[in-house]
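Annotated features in Swiss-Prot:
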type     : residues : note
DISULFID : C1-C18   : disulfide bond
DISULFID : C8-C22   : disulfide bond
DISULFID : C17-C33  : disulfide bond
Amino acid sequence: CIKNGNGCQPDGSQGNCCSRYCHKEPGWVAGYCR
């Protein structure tokens, strides 16, 4: 899984966060796990 602080996409296209939460705000190209 993707560790906290690393890049992710909410739709899971880049893998799943260990925390299961990908934080992404409007306008961001990518989010990050937290």
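Backbone N, Cα and C atoms are what each Cβ position is placed from, and that goes for glycine too.
Locations of recorded Swiss-Prot features on the structure.
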residue: C1; record: disulfide bond; Cβ within 10 Å: 12
residue: C8; record: disulfide bond; Cβ within 10 Å: 25
residue: C17; record: disulfide bond; Cβ within 10 Å: 21
residue: C18; record: disulfide bond; Cβ within 10 Å: 12
residue: C22; record: disulfide bond; Cβ within 10 Å: 22
residue: C33; record: disulfide bond; Cβ within 10 Å: 20
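The closest partner of C1 (disulfide bond) among the disulfide-bonded residues, by CA position, is C17; the full candidate set was C8, C17, C22, C33.
C17 (disulfide bond) carries a strand DSSP state (E or B).
C33 (disulfide bond) sits 4 Å from C22 (disulfide bond), taking the CA atoms of both as reference points.
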